[in-house]
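Everything on this sheet refers to the single structure shown next.
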Amino acid sequence: MGGRQWQYGTGAVLVVLLAWLAMPWPLQGAVAVSGRDYLLVGGATDEPTPHRACTPQMLSGSRQHVLVPAPPEGWSGQPQALDVFNVFAGEVRVQHGDREICGNMHDARTRDSRFRAGIGLVAVPPAGSHEPFLVSWQTPLKARWVPTLRLGAPSPVQQNDTARLLMRAACIAVAIALALSALMAFLTTRDRSFLVYVAGTTVMVLWQAILGGLSGYPEPWLPVGEHGARWLLSLTAASQALVLPALWRLNGGDRVLPRSRPAQLLVLWTLMALAALVPWLRWEHLAWVAQGLQVSYLSGCGLALLVGIWARWRGDRWSQAGLAALAPMLALIIADACGAQWLLEYRVEALQLAVTWLLMMAAYALNQRLGRLRQQRDELRQLAETDGLTGLPNRRAGLQQLGRHLERVNREGGPLVIGFLDIDLFKDINDRHGHAVGDQVLVAVARALRTAVRSQDEVVRMGGEEFLLLMPGMPREAASARLDRLRQRITEAGLALQVAGLEVTASIGLAQWRPGEDDLAALLRRADHAMYVAKRAGRNRVFDGEELDPPGPA
């Protein structure tokens with residue numbers, strides 16, 4: 001019922017979307033030109049280019065100042081672009097001569113529209129001039145998180161800025177896609193692990209948006225304002241609260257050390273409490289929080305690496321995903337310790353790529369978990385619905401299959417015939433030849449029946465020496481002939497066992513579904529009754545129950 005509701009709901013949503021797209025919406029500001037093969041949208045404007053002047057309030061507080069000097073021979077007289085990246089909080093000021101801009105990474109409206117990943121300025125210094133560019137920014141909370149300044153011709157500088165923006169947006173898009181996929185898996189399986197993944201990925205998306213400045217693009221959609229540092233620290237703590245236990249589990253920590261769960265919960269709730277506390281801390285305390293988060297991150301990655309190596313050494317192949325997820329983070333930690341210039345320049349993009357890889361490995365591990373759950377479910381279903389001796393569906397599974405056939409016949413029409421089979425004198429076979437031979441007889445009969453039908457689901461062991469054959473879509477006369485051939489095959493299968501004095505025969509009762517008269521129990525009763533009539537008539541034969549109890553007039 002739930003699946004049908006889901007299908008109906010999805011269909012209704014698609015119909016609404018198609019209807020919305022098909023409606024002739026007017027294009028605001030569009031100019032339709034008769035006889036032309038183009039469409040002009042928008043219109044002329046009298047609004048000036050946005051320019052945000054710097055104020056003393058913007059430039060207050062602890063700031064760092066840098067002079068970008070001219071070449072020794074002076075400026076060439078050509079346009080120069082200066083772009084500032086990796087400033088995570090506060091205002092960035094870029095000035096040359098009478099040109100000045102103050103921009104905030106968390107509000108794209110405050111920046112030159114030619115620069116989206118950084119705060120940039122294009123100026124044309126006079127030829128031979130030595131006047132430098134003046135740049136200032138809020139002092140970073142972490143000493144190694146230094147800004148990057150790129151100077152050059154406007155076109156390549158802007159291309160580099162655009163490439164950074166695309167990389168940052170792509171990482172967030174991948175994270176959102178993974179979260180939606182996990183949400184669909186949760187709706188299907190109701191496994192809370194997928195819901196935890198969705199929550200963790202959502203936090204990581206917000207963290208990446210703050211880190212890369214996309215929280216303010218094209219307009220602010222998070223209330224960051226002047227509190228970018230607090231937002232970044234708070235989301236960093238929340239991210240670590242989810243990432244560090246996840247790395248521990250991905251690397252097999254919960255399997256190697258089953259009693260580590262209380263420690264994982266302690267880490268999670270401590271970091272979550274710190275994330276909630278950050279907005280209320282004084283500014284001078286935020287640097288301590290940043291250093292503490294750095295220590296917790298390094299410690300968590302180190303412990304995850306050790307437990308992953310230990311688990312892999314013990315033969316835990318599932319820890320490979322955890323070690324793979326950890327590899328980019330370890331590379332960044334080593335590069336940071338070595339002061340690698342590429343990391344200083346592309347720190348945001350490197351961090352986002354590492355986080356994206358982690359999310360992909362976590363999704364891979366969840367899919368592996370889903371596969372194991374499905375395999376376990378299928379194995380349990382196999383045990384619950386399969387006869388252990390013959391490998392045929394048992395009575396429970398067979399009756400469910402018969403019920404599905406009846407629903408289809410009632411809906412689509414067509415014949416449905418069943419045969420109820422009982423091995424003749426099976427108790428005597430057990431008493432005379434032993435139960436081991438009796439089991440061989442059951443297996444041989446099951447094999448003979450299975451090779452004569454289209455699907456294994458159409459042969460059922462009802463219990464003991466009784467079997468049920470389902471023949472949907474087959475006319476009664478053809479079904480009777482098939483059952484008679486099966487009866488002969490059973491005798492041949494008994495002879496193939498080469499047990500002295502063993503003779504295997506079967507009595508089979510046939511019954512056909514009567515729409516409007518029968519139910520499942522009545523159909524089985526008529527087939528069972530026909531089988532007993534075959535036994536009373538001398539065994540080793542097929543009896544058509546429709547001859548014994550003809551259907552009433554239509």
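Here the Cβ of each residue, glycine as well, is placed from N, Cα and C on the backbone.
Features as listed in TrEMBL:
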type: DOMAIN; residues: 414-547; note: domain 'GGDEF'
type: TRANSMEM; residues: 165-187; note: transmembrane segment
type: TRANSMEM; residues: 194-211; note: transmembrane segment
type: TRANSMEM; residues: 231-250; note: transmembrane segment
type: TRANSMEM; residues: 262-281; note: transmembrane segment
type: TRANSMEM; residues: 293-311; note: transmembrane segment
type: TRANSMEM; residues: 323-344; note: transmembrane segment
type: TRANSMEM; residues: 350-367; note: transmembrane segment
Seg_contact(the transmembrane segment (350-367), the transmembrane segment (293-311)) with at least 3 CB pairs under 8 angstroms, min sep 6: no
Stretch-level contact, the transmembrane segment (231-250) and the transmembrane segment (293-311), CB cutoff 8 A, at least 3 pairs: yes
Remote residues contacting the transmembrane segment (194-211) - C-beta distance under 8 A, at least 6 residues beyond either end: 88, 106, 168, 171-172, 175-176, 178-179, 182-183, 185-186, 222, 224, 228, 231-232, 235-236, 238-239, 242-243, 246, 348, 351-352, 355, 359, 362-363, 366
Long-range environment of the transmembrane segment (262-281) - Cβ separation under 8 angstroms, sequence gap at least 6: 227, 230, 233-235, 237-238, 240-242, 244-245, 248-249, 253-254, 289, 292-293, 296, 300
Composition by DSSP (helix, strand, coil) of residues within the domain 'GGDEF' (414-547): 68 helix, 30 strand, 36 coil
